Amino acid sequence: MKNRGRTKPKKNQWADHYTQKARDENYPARSVYKLMEIQKRFQVIKKGASVLDLGCAPGSWLIHAAELTGPSGRAVGIDLKPVDAALPPNAIAHTGDIFEMESTLGEAVGQDYDAVISDMAPATTGRKDIDAARSFALCEAALRVACGLLADGGNFVCKIFQGAEFKQFENQVKSRFTSHKIFKPDSCRKSSKEIYIIGLGKK
Ligand SMILES: C[S@@+](CC[C@H](N)C(=O)[O-])C[C@H]1O[C@@H](n2cnc3c(N)ncnc32)[C@H](O)[C@@H]1O
């Protein structure tokens, strides 16, 4: 069928806009705009803070977290994949699996973080129940890390694929933080099941 006058199909407009914007602004992934929206709404990262970024590749949250903390703060990332992007001097990326590293992570990256942010996502299978269960397992690992390595009063951001386990995870976050919020940034694909749980003020 002919494309009558439209230069691009509508369904690709979201990807085109944020992908191009990330390219123009020198971020390795468009996901940076999700962190920007979260930060604008909840101010999870303060100037001078130390931030632990779980699932940091290809590096856009890590770079932006380092920008938000400024040179007096630091951003430390962990991912299964190495980060190839050039990082600011106050950011560093480690390669590894959170499930294998979580019990000894404090020895490798230090403790008393002001914010733990997790954008970790499993490789998707197309089966929504399986993908949500795997996302939940990553979220529980992220929360264990946050509870172990956050300073009192620290903040937590965690991506989760909505599914049967969502409420259970929300309750876990609720019990460990003074307040919690559920937030879907406008820059998320509308069709995506991902959503962010934000824990403010670790108890
Ligand atoms: C959506 S990407 C993160 C994008 C990143 N926030 C950015 O802005 O560049 C999700 C990441 O989670 C990572 N990940 C998935 N399972 C992991 C695990 N078990 N341990 C560490 N990282 C994991 C993936 O390798 C992937 O790079």
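Placed from the backbone N, Cα and C atoms, the Cβ positions cover glycine too.
Record features (Swiss-Prot):
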BINDING   Gly59, Trp61, Asp79, Asp97, Asp119  S-adenosyl-L-methionine binding site
ACT_SITE  Lys159  active site, proton acceptor
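With respect to their backbone Cα atoms, Lys159 (active site, proton acceptor) and Asp119 (S-adenosyl-L-methionine binding site) stand 5 Å from each other.
Of all Cβ atoms in the protein chains displayed, 29 besides its own lie within 10 Å of the Cβ of Trp61 (S-adenosyl-L-methionine binding site). Taking the recorded positions Gly59, Asp97, Asp119, Lys159 in turn, the residue surrounded by the fewest other Cβ atoms inside 10 Å of its Cβ turns out to be Asp97. Ligand 1 lies under 6 Å from the Cβ of the following recorded positions, listed in sequence order from Trp61, Asp97, Lys159: Trp61, Asp97. When Cβ atoms from all protein chains are considered, those within 10 Å of Asp79 (S-adenosyl-L-methionine binding site) total 22, not counting its own. In the three-state DSSP scheme, Trp61 (S-adenosyl-L-methionine binding site) falls into the helix class. Site extent for S-adenosyl-L-methionine: the farthest pair of Cα atoms among Gly59, Trp61, Asp79, Asp97, Asp119 sits 18 Å apart.
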